[in-house]
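Asker: Please read through the structure below; I'll follow up with questions.
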Amino acid sequence: MEAHQHSPDSSSEECTVLEAAPSKNSCLQHAGKVADLYCSACECALCEDCLPAHEDHPKVALSQALEQHRSRLKERLGAVQSRLPQISDALSLVTEILQQLNNQRASIEEDIQSSFEDLHKQLDVRKSVLLMELEVTYGLKQKVLQAQIDNLTRGDGDITATCTQTEEALAEEASVATLEVEHELEERLKELAILRMPCQPEENDQLDLVMETDGLRKSIHNLGTIVTTSAVASQSEAMGTGLEQCIVGHPASVTIVTRDKSGGACKSGNAILSAEVFTPDGSIVDGEILDHKNGTYEFVYTVPKEGNFSLALRLYDQHIKGSPFKLTVTKASEVEVEVSPSTTTATNSAANATPSTGSSDGTKRRGKSPGQKKKGSKRASSALGTPRRKTQNPIEDDLIFKIGTKGRNKGEFTNLQGVAASSSGRILIADSNNQCVQIFSNEGEFKSRFGVRGRSPGQLQRPTGVAVHPSGDIIIADYDNKWVSIFTCEGKFKAKLGSGRLMGPKGVSVDQNGHVIVVDNKACTVFIFQLTGKLIAKFGSRGNGDKQFAGPHFAAVNKNNEIIVTDFHNHSVKVFTTEGELVLKFGSNGEGNGQFNAPTGVAVDVNGNIIVADWGNSRIQVFDGSGSFLSYINTSADPLYGPQGLALTSDGHVVVADSGNHCFKVYRYLQ
């Protein structure tokens, strides 16, 4: 308080100064004192009265300290502000995931409602059938018994009446007058004595109901399962030598361990994983993912050529830890191997690089041997070449044109797979990794494209197969969404079918009844649906039997309404009736005429000839309706690299998805 007192003769200017607000650098400990130093040890400003207490502490000028503090504050402000875009992106991503979760919930709720409504309808129908059967059966038995009762009643009445008349006649005195009546009664009694009456029951009273409900109740109790996992990409990791290096043409594997947000290992399977190996030229080598159902997965792939690659592993469309990985692919050293007549040297072909949708399959692919050789050196890969003229019998069909390069724009593709051709002169391409369908004219002119990436109805996650319904609707097999979507010819979503039944639909086709044929690559089953979604029939299971499949890919329908299916890992083509009865099987593993190294696309011409895309041998073969080899389409001018879907255009040409070259090609076809 003494600092504010002044003598009566103090100048007005001095008074003004003393009454002014404290300096912005005033000492916080000593009022009226100005701080001009800063104690670095105590992190506080010092005036001259503070110095004794901080005599041994390091000190700097206050102005310098303020400047340093301001600089650090700005730096930290910048660091924090730089997080805002990351937080904004994360917010958008999580919001999108939540929206997709909401959409999935709504979709599953709709599926549950429709499934149980369908079951209710089927139960009501069965109830009505049983009640009708009961009435019909009862009516037949009741009619027999009632007729017997009527006969017995009439017989009883006739006998009783005749006996009564006879007794009355006998009670009277015999005379000439009664003689004629008695004679008539005698004849009537003779007839009644020998009259055959249905005295034994002509029907029984059995009406039982056998209702085996225990198994049904158990099935209903276990009907349906909500499948999910708590795995997140940011915590999940991969391990194995296949992360860093592999040998050309030899299968390599990577183990993926899924973890939850806290880093805890997930114990269940069914996570949505995808894996791709990007080659130096930009093409993609997919592989197969084996779900061990315990939270771990194995990705098996084969790379057809050497170089530096990138291996991308995604969980729910997000890269896991360390992804994408740098992968080095080298050639195996050539080693002389002595082979006895009973020994075969297993040399893996580069054609064994498995094309897949890159999602969990539950099937592990194995390397295949090309046959017995004297040297263990790698032979030229059939996946990169075309059949030789001297060993084949080519017909002079030529490439008319090709459309596409690697990319995401119109007329560009990334892992195109399914192909369809409409009667209106359109070519449809399932552009798998671009999550869309692109439409062209028969002359290759781009017309339109549609498709939005996502896991909700009307969105596409990994379209692999495409077909055109006679109504004009476009039918798309969505491998990762595990359903088939139906769009109008303008690309507007109408409905989906197979949800809850399909595991990994790959190819689709339409039979002569307008039914949708779905080839389920994962389930190794062919499904037949009505366009409404009602399941008509299904056949097939995993295996190498005549009625079994190992990774079936595509299907076509011939004029007899028989279904032709390419059996990828069984290296064959199989023809079935719509009831699933095997009609024909042809093909074996190899490079000769009529042999396959993993067949994919298939089509049928007007003469019933079957055209097959031979993926591993990178060629197109033609067979007659009985499966006998006819020829192959000459592709030597611009070799194919892993052809997938195949179709016949409305003007009679062959269109094929040249997946490895990121384009589709149209060839002349001589029917």
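Any Cβ shown, glycine's included, is placed from N, Cα and C.
Dumping what TrEMBL says about this protein:
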COILED    91-118  coiled coil
COMPBIAS  340-360  compositional bias 'Low complexity'
COMPBIAS  365-378  compositional bias 'Basic residues'
DOMAIN    22-62  domain 'B box-type'
REGION    340-399  region 'Disordered'
REPEAT    228-329  repeat 'Filamin'
REPEAT    400-443  repeat 'NHL'
REPEAT    447-490  repeat 'NHL'
REPEAT    491-532  repeat 'NHL'
REPEAT    536-579  repeat 'NHL'
REPEAT    583-626  repeat 'NHL'
REPEAT    627-670  repeat 'NHL'
Asker: Which range out of 228-329, 400-443, 447-490, 491-532, 536-579 gives the repeat 'NHL' (627-670) the most CB pairs under 8 Å?
Answerer: 400-443
Asker: Please identify the stretch among 228-329, 400-443, 583-626 with the greatest number of Cβ pairs below 8 Å relative to the repeat 'NHL' (491-532).
Answerer: 400-443
Asker: When you scan the chain for residues with a C-beta under 8 Å from the repeat 'NHL' (400-443), skipping those not six or more beyond its ends, what do you find?
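Answerer: Distal contacts: 276, 282-284, 286, 357, 449-453, 459-468, 472, 474, 476-477, 479, 487, 491, 507-508, 554, 601, 638, 644-651, 653, 655-659, 662-668.
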Asker: Cβ under 8 Å, sequence separation of at least 6 from the ends of the repeat 'NHL' (447-490): give me the contacting residues as numbers and ranges.
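Answerer: Distant contacts of the repeat 'NHL' (447-490): 100, 103-104, 107, 272, 274, 357-359, 410, 417-424, 426, 428-441, 496-499, 502-510, 514, 516, 518-519, 521, 529, 531, 554, 645.
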Asker: Restricting to the repeat 'NHL' (491-532), what is the model's mean pLDDT?
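Answerer: Per the prediction, mean pLDDT sits at 94 for the repeat 'NHL' (491-532).
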Asker: Per DSSP, what is the residue count of the repeat 'NHL' (627-670) in each of helix, strand and coil?
Answerer: 3 helix, 21 strand, 20 coil
Asker: Using DSSP, what is the helix/strand/coil residue split across the domain 'B box-type' (22-62)?
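Answerer: The composition, in the requested order, is 5 helix, 11 strand, 25 coil.
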Asker: What are the helix, strand and coil residue counts for the repeat 'NHL' (491-532) according to DSSP?
Answerer: 0 helix, 21 strand, 21 coil
Asker: Could you give me the DSSP helix, strand and coil counts for the repeat 'Filamin' (228-329)?
Answerer: 3 helix, 55 strand, 44 coil
